[in-house]
Amino acid sequence: MRLTKPTLFTNIPVTCEERDLPGNLFTQLMKDDPSTVKGAETLMLGEMLTLPQNFGNIFLGETFSSYISVHNDSNQVVKDILVKADLQTSSQRLNLSASSAAVAELKPDCCIDDVIHHEVKEIGTHILVCAVSYTTQTGEKMYFRKFFKFQVLKPLDVKTKFYNAETDEVFLEAQIQNITTSPMFMEKVSLEPSMMYNVAELNTVDTAGESESTFGSRTYLQPMDTRQYLYCLKPKQEFAEKAGVIKGVTVIGKLDIVWKTNLGERGRLQTSQLQRMAPGYGDVRLSLETIPDTVNLEEPFDITCKITNCSERTMDLVLEMCNTNSIHWCGVSGRQLGKLHPSSSLHLALTLLSSVQGLQSVSGLRLTDTFLKRTYEYDDIAQVCVVSSEVKQS
């Protein structure tokens with residue numbers, strides 16, 4: 001027998017208006033019904049508990065519990081009784097018996113009881129195989145088996161999306177949908193990052209100095225409802241300094257989801273390791289460290305660039321600055337930046353001004369590797385809002 005939590009008893013209220021033919025008959029019958037809530041007889045939900053009437057559904061991540069009883073129906077004493085319980089899945093066979101020792105004897109009308117537990121980690125068909133062997137009084141060895149077949153269903157549908165930021169941050173959006181027929185209480189949804197990243201959860205807001213969930217105080221997920229969780233992953237310092245390390249397919253981490261259903265029935269799922277394809281930066285990566293949001297028209301402003309050698313060879317770089325219709329660089333173009341070793345970087349302070357108002361794109365940087373005579377072009381590096389000095393002062 002499967003061990004599950006009981007359910008709250010429900011009844012179907014039948015009412016009518018007082019001027020109808022039955023009068024107060026239906027109302028009085030509901031008041032006399034012991035399963036209804038006093039003062040709220042018209043509610044379907046009662047205060048009494050109902051024992052499970054069938055096997056019910058079992059979902060991936062829940063704990064399967066079963067009560068096994070071997071009863072001696074004969075009038076003879078049997079000896080050397082061995083009860084074995086195995087769970088057969090599509091990929092493996094698990095022994096769930098608490099003890100492998102045989103019971104010396106079993107008298108008539110007596111029984112051997114055992115309770116088994118197993119955290120379900122596979123979906124699909126499962127077969128509980130209960131095998132019993134014993135010896136009769138005549139010394140004959142007897143053996144029989146019983147099979148109990150059940151299906152393990154998928155409780156949640158999890159989809160993930162990755163967003164890559166210019167600052168090497170990775171934003172993970174996890175969409176979790178309840179595909180069962182009953183509501184869930186989402187106890188915990190967390191991201192366990194890999195060794196390369198630190199994670200920050202973005203699912204709370206600060207209200208009056210206190211952190212509150214964006215989903216409210218009651219984090220229930222109704223059937224077929226979807227909830228979106230957001231996480232920000234930042235490379236650890238030792239990996240962020242080595243640009244060549246974080247490229248190609250990288251492991252982000254795994255989601256840990258804990259929920260509760262009927263009367264606190266607990267379930268837990270862990271996804272496999274989430275992977276993403278790191279964006280390719282080529283041999284040389286140029287990123288902006290600092291840039292103002294708003295600048296004055298025809299007034300110089302400063303930006304700080306970071307140049308990283310993502311290749312496996314040393315480069316000798318030359319910086320060229322090419323003016324555009326709106327962006328004009330200040331300084332010497334064609335200056336030597338020196339040698340840059342693999343996975344190393346340098347910071348570069350540059351000055352420029354804009355001759356056109358509005359949202360302008362910063363473009364026109366060129367890096368040339370004198371060793372291979374190869375030029376790398378960088379346009380649309382960032383955007384800056386250009387306003388007249390009168391507008392900014394007002």
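Using N, Cα and C of the backbone, Cβ positions are placed for all residues, glycine too.
As annotated by TrEMBL, domain 'Trafficking protein particle complex subunit 13 N-terminal' applies to 1-152.
What TrEMBL lists as domain 'Trafficking protein particle complex subunit 13 middle' is 156-279. A mean pLDDT of 85 is what the model gives for the domain 'Trafficking protein particle complex subunit 13 middle' (156-279).
Per TrEMBL, domain 'Trafficking protein particle complex subunit 13 C-terminal' is recorded for 292-386.
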Summarise the domain 'Trafficking protein particle complex subunit 13 middle' (156-279) by DSSP state, stating how many residues are helix, strand and coil.
7 helix, 74 strand, 43 coil
Take the domain 'Trafficking protein particle complex subunit 13 C-terminal' (292-386) and count its residues per DSSP category (helix H/G/I, strand E/B, coil), listing them in that order.
0 helix, 59 strand, 36 coil
